[in-house]
Amino acid sequence: MIRMRARLLVLHVLVLTLLAVLTVRLWQVQVVRGQEFVTRATETRTRAVLVPAVRGQILDSRGRPLVRNKTALVVSVDRARLTRLPDGGKEVLGKLSAVLGKPVAQLQQRITPCGPGVSKPCWTGSPYQPVPLDEKVDTREALQILERQEEFPGVTAEIHSVRQYPGGRAGAQMLGYLQPVTEAELEKREGLKASFSGVDLVGRDGLEYVYDDALRGKSGLRRVQVDRMGKALGLEEQITPVPGDHLVTSIDSRVQDVVEKALAKAMKSAPAADGGAGVVLDARTGRVVAIASAPGYDPAIWAGGISTRGYQWLLSDKSGKPLVSRAINGQFAPGSTFKISSVTAMLRSGYPLNGTYGCPGSVMVGGRAFNNFRGIGLGSMNLHTALVKSCDTIFYQAAYTQYLKDGGRNPKKAPKEVFANTARAFGFGERTGVDLPGESSGRIPDRAWKKDLWNRTSAINCERSRKGYPEVKDKARADFLKRLALENCTEGFLLRPGDSANFSIGQGDVLVTPMQLARAYMALVSDGKLRSPRIGWAQVRPDGKVVKTIEVPVVGKLPLSEKERLYIKNALSQVPQDGTAAGAFAGWPMDKIRIGGKTGTAEVWGKQDTSWFASFAPTNKPQYVVVVMVSQGGMGAQTAAPAVREIYEGIYGIKQPQAVPGGRLTTRLPRFSPDGTVARG
Amino acid sequence: MAIRQPSLLRRVAGEESAVRRMDGLMLVAVAGLCVIGTLLVWSSTRTWAPGSTGLVKKHLLNEAIGVVLCGIVAMVDHRAMRAYAPLVFLVSLIGLGLVLTPLGATINGSHSWILLGGGFAVQPSEFAKVGLLLVIAMLLAQPAEGTDRPRGLDLALALIAALITMGLVMLQPDLGTAMVLAVITASGLILAGVRKRWIGALTLVAGAGVFSVFYFQLLEPYQVARFTAFVDPNVDPRGVGYNSTQSLIAIGSGQLLGKGLLGGGQTTGRFVPEQHTDFIFTVAGEEFGFLGSVTVVLLLGVVLLRGLQIARKCEDRFGTLVAGMIVCWFAFQTFINVGMTIGIMPITGLPLPFVSYGGTATFANLIAIGLLQAIKMRRQSF
């Protein structure tokens, strides 16, 4: 019995130890780490169902919708749930394909996350989000799914709002499009993760991108308590979604239509034309009234996920890359429209405003003859006539003189570069800052740019200058290219005399975007101030309250006195009547609505000329600045000017319905009723 | 006048009666555990059907039957029990054998049941614990001549009895119960004073057995998986590790004070499986918090420590052995059961004594309490 007692004592100690172990461990789990498990319990016990907020509309200046929402039944698939099924969801997809009338393979592809070796239309969003499979489901199809949920695990049919474009193709590049948010974007943008639901889309281009935060609103949340099987037990938390703000733009949808039509017609009239752009600014405010780019496309293609072929087509040369907005991305030599900058540069170089200048048929620049258009000499003239008749030689001479003053081929330490710097003051060579993404900055080919280019390319040029161009069949051409390479290799860093001459008439390496040209003309004809144009005018809450008015910032001032500015403006005011655009504006009622402007015909090596017309109206108190550019469109007076005339005809209601009542743009924001609808009248 | 017979009341409750020597503290602890168990069974099973009370009524009935059985056993002199031991053991073996016949039924993947009809079923393996315990105690209580160690023959018989019982249980298969039976056997051998080197040798043999079980893959895959999952619960969060993770979450989220009876979201959502039987401790942890779950542990501790006290105070070897083996049985089951829910023991299908739902287990546990009380009440040798 003694041995037994001793062993019982050991047992006693053992039991006490075990009890202590359990108590300590319980303390650790429940008290020390309790909070951690509370969090994990909430995660397992509840499902957060995000309720997407209705995206704000995009409206024109009179409250007409440019982009609105229509409700649609959207069928989505929760891929995570599908893959957990014993057969990986094959059966469900099969049934779904029967209901939706789409092949299984296509559905399978749509829900596969994009990645290496996975081609469109794959799923670009998070693998944990439900994938919208069909956004054009009718009620009957939706009911088939909803009423037999047990046969369609992981499949939901819900009402969502889908973007709709009442204007069709009009302004597609400006409006932009929506695409499902990607994992990378979720990671990058703070707070985005919480506010996005599975089918949430994010603005990818245009206004949808720039004003995404305002338009998107805030997703709501329904935190539902669920059991182990995912069956809902009750609602634990509900946050109602906050609908996004409407974006009122300064776009006038009717003017936009007019511009689109005029552009399309101009493209048709010039057989080689491969792209065009039209920009209409409100000359008083710097707001954008219309912005168009051709070729265009129908933004409805984005709704419901784009097909592989559709996406490839948008990116292809065949379609002319309609996604690219030529108005802000198209960079072209501006031709004579650039002379507003060059004439200012002359004034700043000390040339008198009222001086008389000779306009010979050609001038020698750096040992090479530079000709007027068709080599015709126009005799002596003042600067006014030089602009109206678009004399080139006056500008060649002035630019070459300044080039020599800067030291020519052996530049001074701090060259003045008056022509280049004046161009900068007109806003060329830098982004206008318009509220659209991906704008191009154009190019001012000054001495620094030359040097930079040489640094980047001299190695290739020097190699070519030794080895030549054996792959080029044409012997003469190969020789020419070899000589060019040698020249670029040895002195490519130098601004040559010819470069300066070409620059003065907007030829050569100088590139501008239609938007840059439009705002430069706007500054010239309004108050001499350079502005950063805006399309967005105001953010308006769905209940009609204006949250924010978007101002048009002044970003610079033209280097012109008021007198000089008006002198140039007056000269331009005569162009459509007596100057280079007289033909295009023949028969226009100049006594009633006088239009000013400047043609531009920029030579592009190996291609047709770029056709430009920059204009404003009415000349005494300009309301509109209209710029049209047609790439490979020929002469400015031939293609762009008639398109501009057609735009004015639309605006003022000449030979066609008047797009703008009284020809006058609205200056007030549209009024909203408290229910959020636009009050008409 | 005839001599007045002492009234029944006096005989049962009088100063001289055995009832007076009952271990009240242990009974209070057992009663507390039963009450808590009833509440937890209610909380965890009421969600099975809306508006129902779940298995509470059945559980109360089981407990009532258990209490009666406990009382009957307590009334019997435990030394007389020694005579019944072979019989009890034989009956439990027959029960285990019947399970393997077409009379047996499979519930929750374990073929351990005999259906009685009317929704009742018994689990002979629970009774087998009592049967084996008694027969081992009977065999080992008689020391060899002039020593206080059991005789070799008795030891061999005890081992054979244990192997037969464990073998039948493993055929079901019920690894958890087999482990309890092994612990009961081992504790009997140790307490009975079997030589250390013998015990060492047996441990080696058992170890080799366990090794070969794994080596020759004699276990069901799910049983291996449970052990692997214990080592790393995140290996397979949807599988066995899921149970372990979910029970930790349920218990941990109870924090210090718990979410209150019926207030446990994890319990209501039934995230932890078998939460009225093997995982009932998670309900205690979630709804009663640290204070409540420690109370359960402490009440079980009271039962164990009082049981040890009874074993030590008992003056005959049989009583001491029975009491000590019962304590080891409950201690093992308590530690494994609570331990698995808080992630320090592998998932093993064992109920928590007095708390888990389950008729046969409740009967067996209360019979064991009856045995302890019987030993306490008649601890003096005559």
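Cβ atoms are placed via backbone N, Cα and C, with glycine included.
Under the heading transmembrane segment, TrEMBL lists B:25-44 (among others).
What TrEMBL records for B:59-76 (among others) is transmembrane segment.
Annotated transmembrane segment per TrEMBL: B:83-107 (among others), in sequence order.
Long-range contacts of the transmembrane segment (B:113-141) within its own chain (CB-CB distance under 8 A, at least 6 residues past either end) are made by residues 58, 81-82, 84-86, 88-93, 95-96, 98-99, 103-107, 150, 154-155, 157-158, 161-162, 165, 168-169, 172, 174, 177, 180-181, 184-185, 188-189, 192, 194, 316-318, 321-322, 325-326, 329, 358-361, 363-364, 367-368, 371. Among the features that TrEMBL reports, transmembrane segment is placed at B:113-141 (among others).
Sequence annotations record features per position, and here TrEMBL assigns transmembrane segment to B:153-171 (among others).
The transmembrane segment annotation in TrEMBL covers B:177-194 (among others). Outside the transmembrane segment (B:177-194) by six or more residues, the chain places 112, 125-126, 128-129, 132-133, 136-137, 140-141, 143, 148-150, 155, 158-159, 162, 165-166, 169-170, 202, 206, 317, 320-321, 324-325, 328-329, 332-333, 336, 348, 350 with a CB less than 8 A from a CB of the stretch.
The annotation transmembrane segment is assigned in TrEMBL to B:201-218 (among others).
TrEMBL lists B:288-308 (among others) with the feature transmembrane segment.
The transmembrane segment annotation in TrEMBL covers B:320-348 (among others).
Feature annotation from TrEMBL assigns transmembrane segment to B:354-375 (among others).
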Is the transmembrane segment (B:288-308) close to the transmembrane segment (B:25-44), in the sense of at least 3 CB pairs under 8 angstroms with a sequence gap of 6 or more?
yes
Could you tell me whether the transmembrane segment (B:354-375) and the transmembrane segment (B:59-76) have 3+ CB pairs under 8 A, leaving out pairs under 6 positions apart?
yes
Intrachain residues whose Cβ lies under 8 Å of the transmembrane segment (B:354-375), provided they are six or more past its termini:
22-23, 26-27, 30, 33-34, 36-37, 40-41, 45, 55, 58-59, 62-63, 65-67, 69-78, 81, 120-124, 126-127, 129-130, 133, 276-278, 280-281, 284, 296, 300, 303, 306-307, 310-311, 314, 319, 322-323, 326, 329-330, 337
Going along the chain, which residues at least six beyond the ends of the transmembrane segment (B:320-348) come within the CB cut-off of under 8 Å?
78, 81, 129, 133-134, 136-137, 140-141, 175-176, 179-180, 183-184, 186-188, 191-192, 226-227, 229-230, 233, 240, 243-244, 247-248, 251, 278-279, 281-282, 285, 296-297, 300, 303-304, 307-308, 310-312, 314, 356, 365, 368, 371-372, 375
Using Cβ atoms and a strict cutoff of less than 8 Å, what residues sit near the transmembrane segment (B:288-308) while being 6 or more residues removed from its termini?
23, 25-26, 29-30, 32-33, 36, 251, 254-259, 261, 281, 323-324, 326-327, 330-331, 334, 338, 352-355, 369, 372
Using a Cβ cut-off under 8 Å, which residues of the same chain at least 6 positions beyond either end of the transmembrane segment (B:83-107) come close to it?
113-115, 121-122, 124-125, 127-128, 130-132, 134-135, 137-138, 161, 164-165, 168-169, 171-172
